[in-house]
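Under the heading Mg(2+) binding site, TrEMBL lists Asp36, Asp38, Asp208. Per TrEMBL, active site, nucleophile is recorded for Asp36. Per TrEMBL, the feature active site, proton donor/acceptor maps to Asp38. If you look up TrEMBL, you'll see Arg45, Arg156, Arg167, Arg174 marked as alpha-D-mannose 1-phosphate binding site.
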Amino acid sequence: MGYGFSARRVAQEYSHTSFWVTTPPSRKPGLIALFDVDGTLTAPRKVVTPDMLDFMKELRKVVTVGVVGGSDLVKISEQLGKSVINDYDYVFAENGLVAHKDGKLFGTQSLKTYLGDEKLKETACSHWMVVMGIKEEKRPSHIFQATEAGTFIEFRSGMLNVSPIGRNCSQEERDEFEKYDKVFPQGWDKTYCLRYLDDFSEIHFFGDKTYKLPALKIQ
């Protein structure tokens, strides 16, 4: 599904489970609907529309609703609103490495914890900082490097996000630079959040890029 899908189209998906968004008697137990952010709830890096917000409020009346984004919570909040963790039942920032349920943080993981300081220092990004002559005491704790062209290397909980053209580039520049290389520990994609959803027997995911996968073994 691309960004062009409508609220009506999602409602049609759920009509096959014999309930309607417009006249919900109660929430359907054991079912959760998960939504990607960029390209699904919003255009890439844009703010959610009022119509989409209204639809999501209606959807929450019939099913549990979660948001799964690759960005950190700050950036997700910029797109979906500052009250995002209270507007949805689950909010999985950074693919679920920072997990909120009912407005409260209930799960975290990070590369620093997973790999340890020594292995993290051996990454290419750390090497680049040495090559560029950025002394360790001058490196910001969250943003590794920022120039007027934008943030190029950002330290997130679950990844070192590298943007060669800078995250503050224009939309035109972003459109021209569409392909990304993604390197992360196995299972640290958007399926990571599934480890928090054992209570659900039916999980529907809506995104702009979905692929058929073999049965997943969540560790």
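Just so it is clear, glycine is given a Cβ too, placed from its N, Cα and C backbone atoms.
TrEMBL labels come from automatic prediction, so no person has curated them.
Closest in space to Arg167 (alpha-D-mannose 1-phosphate binding site), of the binding-site residues given as Asp36, Asp38, Asp208, is Asp38, taking the CA atom of each residue.
For the binding-site residues given as Asp38, Asp208, the lowest number of other CB atoms within 10 Å of the residue's CB is seen at Asp208. The Cβ neighbour count for Arg167 (alpha-D-mannose 1-phosphate binding site), using a 10 Å radius and every protein chain shown, is 19. Within 10 Å of Arg45 (alpha-D-mannose 1-phosphate binding site), counting CA to CA, the binding-site residues Asp36, Asp38, Asp208 contribute Asp38. In this structure the C-alpha atoms belonging to Arg156 (alpha-D-mannose 1-phosphate binding site) and Asp208 (Mg(2+) binding site) are separated by 23 Å. In the three-state DSSP classification, Asp38 (Mg(2+) binding site) falls within a strand.
Each of the binding-site residues Arg45, Arg156 was scored by the number of other CB atoms within 10 A of its CB, and the lowest score belongs to Arg45. Long-range Cβ contacts of Asp36 (Mg(2+) binding site) within its own chain (separation 6+, distance under 8 Å): Val68, Gly69, Lys190, Phe205, Phe206, Gly207, Asp208.
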